[in-house]
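What follows is a single structure, written as C-alpha cells, with notes after it.
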C-alpha cells in the first residue's frame, strides 16, 4: 500500500470530503484497486462510488456484475451499472467505440453524483503495452504517452494510482487478501495486437530487466515534461484565430520556426482545436501550397495559412434566402444576425445600404462581379485573392444582396457606393 498512498501525496490529491468514482470491470486489477480504496479512504461508504459497464461482448459478462454487487454490498458501497446495447456495436472499430461509450457513461455518472475524482485500474504492464502499441502505430511520443497518470475527464480529475504496479504484483495482492475476481477470457486470445504484445513481447523484455515498469514510468514522465515544454513554446507564439470553417494565421508569424518545428506546430494546433492526432511530416520534405492529412487540409495562400477540418465543411446552400433584420439565421453551418443596432456578439463586418427590414443572403456564385466606388465592376475572385481567402472557403463567406447587387461579402467586400440616405448594417456571427 505504500506505493498507493505515495501516489496521492506526490500528486497533491485531496482526500477529505472528496468523492471518488471507480471504473470497475470485476477483473483482478479493478478488484485490487477497490480493496485498496476501501482501506484507504476515511469514509468509503460515503466517498466511493463504483461504476460498471457491461459491454455485452461475452456471454458470461453477467458474472462480473454479480461479483461487483457482492463486493460493494459487503462494504456498503454504491454501485452504478449500465449495459452497452448490442444494437449499438459497430462492425469495425469496436474497441474505440466501446471506449467512447464507456467514458461517456463515466462522465455522465460523475456529473450526476458530483464526483471529484475518477479512478481507473490501469497498471504498469498496461503502460508498457500502450507505449509499444503507439510506437508501432505512429512513433509519436505524445501518443506513446497518452496513458496519463493524472489527467481530466470533464469536471473530474482522472487518476491512475496503480501505474507503478506490475500485473504480477496486483495478482499477488489479490491472492494475499483472498479477493475473488473474473478473468476476461478474451485477454488470452491472440486476435489483437495488444494481446500479442502482452503474451510474447512484454515477457521477453521483462527477461532483459527487472525494471521494465519503472522504466516505462520514467519514460512517461519524461515525455510529459517534453510535451509541456513544447506546448509552452507554441503557446508563446502568435496563434491563429477562428475563421469560420478554419483556423487562420499569418505566415509572417512562422518565420522563426524551422521545418521540424513547423510540422510539430500544425500537429499541435489540430490536436488543440479538434483533439485528433495527425502528422504533417510532408512539410519537412516538400515545398508546396497545400498539404492533406487524413480529414485535415493545410493551405498556404497569399499572406496567410489555413487549417481546415474537412469533416466540418457543411454542404453549400446555393440558394438565396430572405432574412429579417434583428433575427438570427443560419447559413452554411454558421449563425448570423444583421442589425442597425449594436448587439452582443462577434461583429464580423458592416456595410451601408438603403433602409429595409429584409435582406437576401447566400453564397456568392462563381463569376460574380462587385461594384467599385467609381462605378466600375471587378471580378469577385480578385477581391477574394486580395484578402487571402482560398478557393475552398469562398462559398462559406456570407454574401448580402440589395436589389440584386452584392453589398457585402464576409471578410472581402462592403458596398462602396455612397448615398446620404444609406444606413449602417452590422453583421454579427455566433459560432
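Even glycines carry a Cβ here, placed using N, Cα and C.
Secondary structure at residue 27 (ATP binding site), taken from DSSP and collapsed to helix, strand or coil, is coil. Summarising the annotation, Swiss-Prot assigns ATP binding site to 25, 26, 27, 28, 29, 30 and lists sequence analysis as the type of evidence.
Ranked by Cβ neighbours within 10 A across all protein chains shown, the binding-site residues 26, 27, 28 are led by 26. With the fewest other Cβ atoms inside 10 Å of its Cβ, the least crowded of the binding-site residues 25, 30 in this structure is 25.
Proximity of residue 29 (ATP binding site) to non-local residues of its own chain (separation of 6 or more, Cβ distance below 8 Å) is seen for 121, 122, 123, 162, 167, 170, given in sequence order.
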